[in-house]
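Novice: Just passing along the structure, written as structure tokens.
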Amino acid sequence: MRRPFVRLLASSSHQSHAHAVARPPRPPISLDQLFPQRPGVQDDLFAQRRGPRGSLAFPASSGASIQPAAGEHDSAYQQLVRRYLASSDLGDAKSLHLEWIKSGFTSDVFLSNNVVNLYAKAGDLATAAELFDEMPEKDAVSWTCLISGCARHGLCDESCHFFRSMLRSGIEPSQLTFTSVLRACGVSGPDRLLLGTQVHGLISKTSSSISTLVCNALILMYGSCRLDSASHARRVFDWTSEKSSITWNSIISVYSERGDAESAFELFSEMQMGNSGCCLRPDEFTYGSLITATYGCFYACSVLEQMLAYISKSGFSRDLYVGSALVSAFARSGMLDRAKEIFCLLDEKNAVSMNGLMVGLIKRNLGEAAVDVYREARRSVIVNADSYVILLSALSAFSASVEGLGIGREIHGYVIRNRLIEKHVAIGNGLINVYAKYGDVDNAAKVFSLLRVKDQVSWNTMITCLDQNGLSEEALTNFHLMLRNGVLPSKFSVISTLSSCARLRLTNAGVQCHCILTKVGLDMDVSVSNSLLTMYGECGKMSDCWRVFSYMIKHDLISWNSIIGALASNGAFLMDSVRIFLDMMRSGWYPNNVTIINVFAAVSALSDLGMSRQVHNLVLKHRMSEDIVVENSLLSSYSKSGDMDSCERLFYKMADRRNGVSWNSMISGYIQNGLMQKTMDLVYSMIRRGPKMDSFTFATVLSACASLAVLDHGMEIHAFGIRTYLEIDVVVGSALVDMYAKCGRVDYASRVFESMNLRNEFSWNSMISGYARHGNGDEALKLFNKMQSSGQCPDLVTYVGVLSACSHAGLVEEGLEHFESMKNHGLVPQIEHYSCVIDLLGRTGKLDEMEDFIIRMPLRPNDMIWRTVLVACHRSKDGAKREIAKQASKMLLEVEPENPVNYVLISNMFSSKARWEDAARIRKVMQALPVKKEAGCSWVTLQDGLHVFVSGDKSHPNTEKIYAKLHFLIQKIREIGYVPQVDFSLYDIELETKEELLSYHSEKLAVAFVLSHSSTIPIRIMKNLRVCGDCHSAFCYISKIVGRRITLRDSIRFHHFEDGRCSCGDFW
């Protein structure tokens, strides 16, 4: 009767194997090396036929008896057996098969087993299985032949399947059967731990449990399947009653593979001391395992020297196996001269010793030296497939990419000529990796597509290649194809796929990948979880990001850095990022430079000077103050917190370490803090003795020039850009267009735009917005049509510029038409676009249409909308629309009650209607606000610097001269028709006082200051608020009497005054 455990083992579902978690296979432990004298299948075959006197006997079937061969048949039988018994050649297998059929021995179990065994040893397992199925009688040896053959050739799943079938057939396994199936479990790794444990249970119920051979196989199986601990293997070792040298070698190799050198050497000592009852002498396999144990030792160099001395005394120093292990170990430990010396002293060299030396050199990033070793040794060594794989990996460590890629192509040609890719998929994988390293994606894809067999490594390498070279969509496509081809993903393919999802912001694809990796059991892998954190963070899914982090069983430093960085990149979670950082410190983790950079990103966005200083102290404490990336982050943090003194001290301290980012951070800091003169001084210093300015620096400085409307500085930067050939860069070109447009020279902006060979959406948007800002609505719409004709699709920013152009030019029908056309481009109007349409209708006095448009808006009106409505009502003379103004005022104070600008607008509206009491009440409420309104000011830039004026300003050194010139100008323009527009003096005072106040507005003082100089430079005045109607009228007259062109930029647009007219046509 079959035992219950056997019944349980035999009924194990094959389906459960199909859904087992696929992990990268560990290198198989060679039983042939560790058990050089172990009995094989052939010994079982001899035992099956050998009679009492050593002569060959005839089989006794468990079923019907078989008649013995006599006479000449007996002689032919013996010759047939002796001729092929020890062979493993496929040709011999076919010959034996033919003789077996011709001689009429097809019913003989012994010869049938020999034929099956010979086919299995030769690797033709399909034929072996076919003959096995045709056998009328099968015994334990028959099954063992097939199980052992599958295990020998790496078909571990098939080996385990046949073992289950053997149990179902009721045949009891032999010791060799157990060792073969345990070998298959060991090669499969952790996936077969359950089956290996069940086999162990079955063994414990048979006489094989005391077999040293079986115990050795159990030790190796547990060593390969239990990666987390060696306890199971050690327990089997301790229970083994008779320990041979192979048993000791097995347990030492288990500890060596885990890097537990201390335990391995303790066992080595016990083995020689004879504590187990006998003293055993170590052999080459013992030394090989001990040498492997030193790989992870902190004191590897010292141990290796002692090992070398001990091995030399034992007489194994020139042994090929031990010598190859020593070469690899010394090379891995960085003792390259010692490794080469041992390699040269070897009496015999083979591919293993050469490969070991090459691997050690590669691990030290000495790819060129590894290639030199190959060139020197290839004439005396027969290289194998692993040699080419290692040689290809050496190319990835080349310092010169051109040379590495060239050698890679030479190897590619050689392996094609010798048809090596067809035989060894690892060589193809190595080629893909080389081409990926040097960015040659096309050749990598060609190699991949021509691989007849693609394993998990092939797919991993190709997906990673595509992801690292920015081809994210192709990476996702290949991941999908890999799944469709039945290849289970590994953590490497999953990490690259999640990276592509993050780059493309494809949340749904990332979630699907998350589901797949959970199904295959990769969700507990720390590196995979870290990639999930990054993906969800990049996609803005902070709740999912936090959920992944909280579910992680174990965190490493990358996990903490990932969650801190994800939260720091989202403005709504800045304080959470700092809180997680504090939790990390309390948990005993020490920050690295990535941690500090992520924390500085959060602190910079918070503009918290106190936090910046605390993190700076932490940087000093952990000795990261000389890390250039950390210092640059510190510069950015201090500058955004407004502490430019600390920035300057740090910047000068790092004089010998500055890079382009350092200079750019400092320049951006000066710009953000309004220190334009220091900005330009630093730019000139960078030009003279700093690193070469890049497109980012140019764009940053040009943006600052545009914001402050300092045309002269902008033109200087443009000139330097021409000299450094950066003008042709599309980013710099777009910044130049924007700078000239915002500095009042839309003609220069147009000239730069037309000279650009390459334009992107920013180039078109800058030019369209420039025309809109200058009131050239027709030019803006022409350019918009040209943009579409060129194939460049408009975006939301484009339509803001187009609608603004229509608004400033009064093009109502065109504006409404373009607003409706947004959906044709798949664009959904945002609140800015609705505000532009409301402004367009309000400017043209269409208040009824404006009111209907607001009612039909799908979005809730915000402060921008209500301010636009209020300005339109203020401009309108229609008293019947008083209710609209009242509603706009009420809603504006509800939406944004603490903004003083809103109170000024409402007060000005009341004042324009002579409702002085209401205006005074509003201004009284405004005075109680914690935030004060920005004072109106105007400024001009002359050769001696920037000059700023406020209304009624008398702080300028040339005040008397300025006011004298202003009085003269007002007198002259009065003579030709100028009349002060006192409606724009929004105070309840006498008429004469109103006229005086209007005369001293900041823009009038600025133009008087410029005209008081004898300079003939163009007059360009900038104002931070909207120009009033009286000043607009006065400038028209002033331009006529002085005969000069005056450019005035207010907060809305540009006004170009010339010969008594303005470019806006009084529609502004």
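Every residue gets a Cβ built from N, Cα and C, even glycine.
Just so you know, TrEMBL annotations are computer predictions that nobody has curated.
Heads up, here are the entries from TrEMBL:
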DOMAIN    977-1068  domain 'DYW'
REPEAT    108-138  repeat 'PPR'
REPEAT    139-173  repeat 'PPR'
REPEAT    244-280  repeat 'PPR'
REPEAT    455-489  repeat 'PPR'
REPEAT    556-591  repeat 'PPR'
REPEAT    627-657  repeat 'PPR'
REPEAT    659-693  repeat 'PPR'
REPEAT    760-794  repeat 'PPR'
REPEAT    795-829  repeat 'PPR'
Novice: Find the average pLDDT over the repeat 'PPR' (455-489) in the predicted model and report it.
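Specialist: Computed over the repeat 'PPR' (455-489), the mean pLDDT is 88 on the 0 to 100 scale.
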Novice: Taking residues 6+ outside the repeat 'PPR' (556-591), which of them lie with a CB under 8 Å of any CB in it?
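Specialist: Those are 526-527, 529-530, 533-534, 536-538, 540, 542, 545-546, 549, 598-599, 601-603, 605-606, 611, 618, 622, in sequence order.
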Novice: Could you give the number of helix, strand and coil residues in the repeat 'PPR' (455-489) as assigned by DSSP?
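Specialist: Looking at the repeat 'PPR' (455-489) with DSSP, the answer is 26 helix, 0 strand, 9 coil.
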Novice: Residues sitting near the repeat 'PPR' (627-657): Cβ under 8 Å, six or more positions beyond its termini, same chain?
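Specialist: Distant contacts of the repeat 'PPR' (627-657): 593, 596-597, 600-601, 603-605, 607-609, 612, 615-616, 619, 665-666, 668-670, 672-673, 675.
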Novice: With DSSP, how much of the repeat 'PPR' (795-829) is helix, how much strand and how much coil, in residues?
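Specialist: Taking each residue of the repeat 'PPR' (795-829) in turn, the totals are 28 helix, 0 strand, 7 coil.
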